[in-house]
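K.L.:
This is the structure I have questions about; it appears just below.
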Amino acid sequence: MQRRSVQRVDPHYKQKRTLNNISVQKSREKSRRECKETMKSIEQLEQDNEHLLKNLQTLKQEYEELRNLFQQHTGIDIDQMASSTITNTTSELSTSSKEESKESSSKPILTINTTEDQSSSSNPLDANNLDGSVVLINGVQYKIVSINKD
């Protein structure tokens, strides 16, 4: 197939060339603009990623400090407590009766001994009523949150 040629002396030739040149310029400009936008987007994502990594590192350090403080004040290792909770949860799922799962979930993870005399207290300390309470242990405040979801 042969290209249809337009004579350069033809008056439509210059008009067609001008329109073609404008189209090529627009196409190249659009390509440059899209490339710049992509580069800006990549730079922004890299900055966000760097910020998130710094934030993650800070949170890891903060978690370690809080975990160590909790262990110092209570003598309980959170990692060990979490793994025993996961083990209890998986064993609860494998039991067939609801009573067995309720019995195993009612086992306390943390026992709180108070210095207050139990007989003089008008409100006995009940573990089921502590959800949402704030406890002061060696000058550090801890909020009690229930992990059992019935």
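The backbone N, Cα and C atoms fix where each Cβ goes, and this holds for glycine too.
On a predicted model such as this, the values are computed, not experimentally measured, just so you know.
In case it helps, TrEMBL gives these features for our protein:
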REGION    1-36  region 'Disordered'
DOMAIN    10-73  domain 'BZIP'
COMPBIAS  26-36  compositional bias 'Basic and acidic residues'
REGION    77-129  region 'Disordered'
COMPBIAS  83-96  compositional bias 'Low complexity'
COMPBIAS  111-126  compositional bias 'Polar residues'
K.L.:
Any idea what the model's mean pLDDT is for the domain 'BZIP' (10-73)?
P.N.:
93
K.L.:
Count up the helix, strand and coil residues in the compositional bias 'Basic and acidic residues' (26-36) according to DSSP, in that order.
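P.N.:
Within the compositional bias 'Basic and acidic residues' (26-36) the tally stands at 11 helix, 0 strand, 0 coil.
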K.L.:
How does the domain 'BZIP' (10-73) divide up by DSSP, counting helix, then strand, then coil residues?
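P.N.:
The domain 'BZIP' (10-73) comes out at 63 helix, 0 strand, 1 coil.
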